[in-house]
Amino acid sequence: MDISQDTTNSSRFQVSKFILMGLPGIHEWQHWLSLPLALIYLLALGTNILIVITVHHEHNLHQPMFQFLSILAIVDIGLATTIMPKILAIFWFDAKAISLPECFTQIYAVHCFISMESGIFLCMAVDRYVAICHPLQYSSTVTEAFVVKATVFMMLRNILLTIPVPVLASQRHYCSKNEIDHCMCSNPGVTGLACDDITTNRFYQLALAWVLGGSDMILVFISYVLIFRSVLRLNSAEAIVKALSTCSSHLILIFFFYTTIVVVSIAHLAGKAVPIFPVLLNVLNIVIPPALNPMVYALRAQELRVGFWRVLGLDNVSQK
């Protein structure tokens, strides 16, 4: 009788917080990773803020391609800031506890920002497609109004479609374990602790990945197939090089973004034997792209480099 009552009370118990354990298998010395992660985070913040200021300050950068890059920089700042302060707090101050509402909010923010990044990459691919395949219609098609409409559409799409992820997670019953072998609240990691059925959560997570990330990736692929087909029809080798150079930065970032997502997904599926790899890759996937994106564009786009020097007051130095 006592045993059955204890079982009933246990099944009704709801945890009030989760404990983020950090990187599985290396809890004792994971704080050594805090320094490089903090430096990457500060680099991502600094370079993306510089991009936003430069694009706003320099009138010659008020073009759709650089406006989309500025929006991407804002998204990258939000994505990195969603998780890095908490990760550093875990490593430096052992602040592992996180409330359920805060955890579900982090899940929502990460999903929303990653989906937004994918959507902006699609907008940038469309921009390059029109510029290369239909150059005569570019100025009338890809206008400032187009940038605003595309951005608003992507925001509404991601905000609305990702809402069910934390809502479904919050409806689960967490009655036993509350320790998450991760540095952040991931949807699979949190719902995996639930005491009731999570089939709906898994189904919606998979459907969301295909509807947002999958559709964006397919459309980006189609855009670049059409771009390459159009470029290869040019008779001049110089014209081919010039056309490809206008989208090389974007192509590098797209390849890195979708490749890391695929690698992280595969690592999660095969991560039971060595669980640190999917967790570490997940963290790096969120903090490295925000730091990488500005550097790739700065190296490839001369207008942006010149704008950087001007904003930093080093334009005279750069000319010497």
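Heads up, residue numbers simply count up from 1 along the chain you see.
Backbone N, Cα and C define each Cβ position, glycine as well.
Now, the feature entries from TrEMBL:
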type	residues	note
DOMAIN	47-297	domain 'G-protein coupled receptors family 1 profile'
TRANSMEM	33-56	transmembrane segment
TRANSMEM	68-93	transmembrane segment
TRANSMEM	105-126	transmembrane segment
TRANSMEM	146-169	transmembrane segment
TRANSMEM	207-228	transmembrane segment
TRANSMEM	249-270	transmembrane segment
TRANSMEM	276-299	transmembrane segment
Distant-in-sequence neighbours of the transmembrane segment (146-169), which means Cβ under 8 A and at least six residues beyond its ends
64, 67-68, 71, 104-105, 107-108, 111-112, 115-116, 119-120, 122-123, 126, 187, 190-191, 200-201, 204-205, 208, 211-212
Are the transmembrane segment (105-126) and the transmembrane segment (249-270) close enough to be called in contact, which here means at least 3 C-beta pairs under 8 A that are separated by 6 or more residues?
yes
